[in-house]
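Q: Let me begin by handing over the structure; questions about it come next.
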Amino acid sequence: QGTRDHAPAQAALRERLLSAVVSCFKRHGAAAIDTPVLELRETLVGKYGEGAKLIYELKDQGGELLALRYDLTVPFARYLAMNKITKMKRYHVAKVYRRDNPATTRGRYREFYQCDFDIAGQFDPMIPDAECLKIVHEILSDLQLGDFVIKVNDRRILNGVFAVCGVPESQFIPACCTVDKLDKVPWEEVRSEMVGEKGLSPEAADRIGEYVQLHGGLDLIEQLLQDPKLSQNKVAKEGLGDMKLLFEYLSLFGITGKISFDLSLARGLDYYTGVIFEAVLLQQDNEHLEEPLSVGSVAGGGRYDGLVGMFDAKGRKVPCVGVSIGIERIFSILEQRLEASGEKLRTTETQVLVATPQKHLLAARMKLISELWDAGIKAEMLYKKDPKLLKQLQYCEDTGIPLAVIVGEQELADGVVKLRDVATRKEVRM
């Protein structure tokens, strides 16, 4: 089916992962919003390029054409337009749906979570874009996933490249979708698709190849600004100017060591209008695994200044830039690492087990645990009237509960409890 159930340990790992990502979003001042799982079909079609064939379409009982959301970006743009919002910094963590061929080892599913951070509003160039890249850097660094690189490019630079290479404007988006495959297949295959399927001339494809295989940093931006063809193209020049400014801001954030200006990066979605970016893990911690885990990109995003205007009756635009964290792919990596290490993951946050050493003390346990719950302490007890003390302590060890509060007949008589550290087995009366 391409969907999955999660055992308690997996669910606990996922929760920790989501919590780390959301903490970063909140640290940057984002507010949470939510949008419905169902959208009108017309809201989603025409926004995803070749990905449109993966939209789950439905028809309700009234005959209305609906679809399950494909991502969180298009519903956000629709939300901004409907509510006439022109400025917002938001995050959204929710499930999206794609009628895709699942590849579970690579974290590719038909139902999966996305974690999005977006900045909407008219601001000075490249400041919000730089913050989105900083967020990706923070999250991937905090999660300690290994070495990574964040590739950046600009749709305007790509469009300029296509223009100076003789590609008709109507072919820009199909050419973009083909170039986007360069991280998966060699240039010869991409060239073959351009000529054979997209109808580009062999000469145009060869000229594109000279550009899209370039990658580097500020030096490459300077080099392209001096390029005799690109420097004459207004759109490309504008994109390169902004890319230079972006690198200056990323330098101030101290993260340029992980950033690569890569002309092969295209991102196949129709709605991108400016800066685009994608984070890729360079190597996995392969110590316990026979083969490295291949997961592709783990985050991506970009600028989509025209999307909100598509949903506004008067076509009013709201500039937006955002990033989506590929939480399922990251989860696949962490899950395999945990499995390989043999480490046990706590499935609950229980702080203390309320235990009794003798029979007929269920009432004492229930009164005490009620007090703990009311005080905001995470507590459990076994659902047996007269459990053996050894079984209760064994339960603590099995589930990782650090403390046991023991109340027996003597403790009740003395008005105290015995607090036991499960790991060290030390006890104190209090």
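Glycine residues also receive a Cβ, built from the backbone N, Cα and C atoms like all the rest.
The L-histidine binding site annotation in TrEMBL covers Asp71, Leu72, Thr73, Arg98, Gln114, Asp118, Arg267, Tyr271, Tyr272. Per TrEMBL, domain 'Aminoacyl-transfer RNA synthetases class-II family profile' is recorded for 1-357.
Any idea what these are sitting next to in the structure?
A: Counting every protein chain shown, the number of other Cβ atoms lying within 10 Å of the Cβ of Gln114 (L-histidine binding site) is 19.
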Q: On the Cα atoms of Asp71, Leu72, Thr73, Arg98, Gln114, Asp118, Arg267, Tyr271, Tyr272, which are listed as binding L-histidine, what is the maximum pairwise distance in Å?
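A: Site span for L-histidine, by Cα atoms: 21 Å.
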Q: List, in sequence order, the same-chain residues at least six positions removed whose CB sits under 8 Å from that of Asp71 (L-histidine binding site)?
A: Tyr48, Val96, Gln114, Asp116, Ser324
Q: Looking at the domain 'Aminoacyl-transfer RNA synthetases class-II family profile' (1-357) alone, can you tell me the average pLDDT?
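A: 89, rounded to a whole number.
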Q: What is the Cβ neighbour count of Arg267 (L-histidine binding site) at a 10 Å cut-off, with all protein chains included?
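A: Taking all protein chains shown, Arg267 (L-histidine binding site) has 23 Cβ neighbours within 10 Å.
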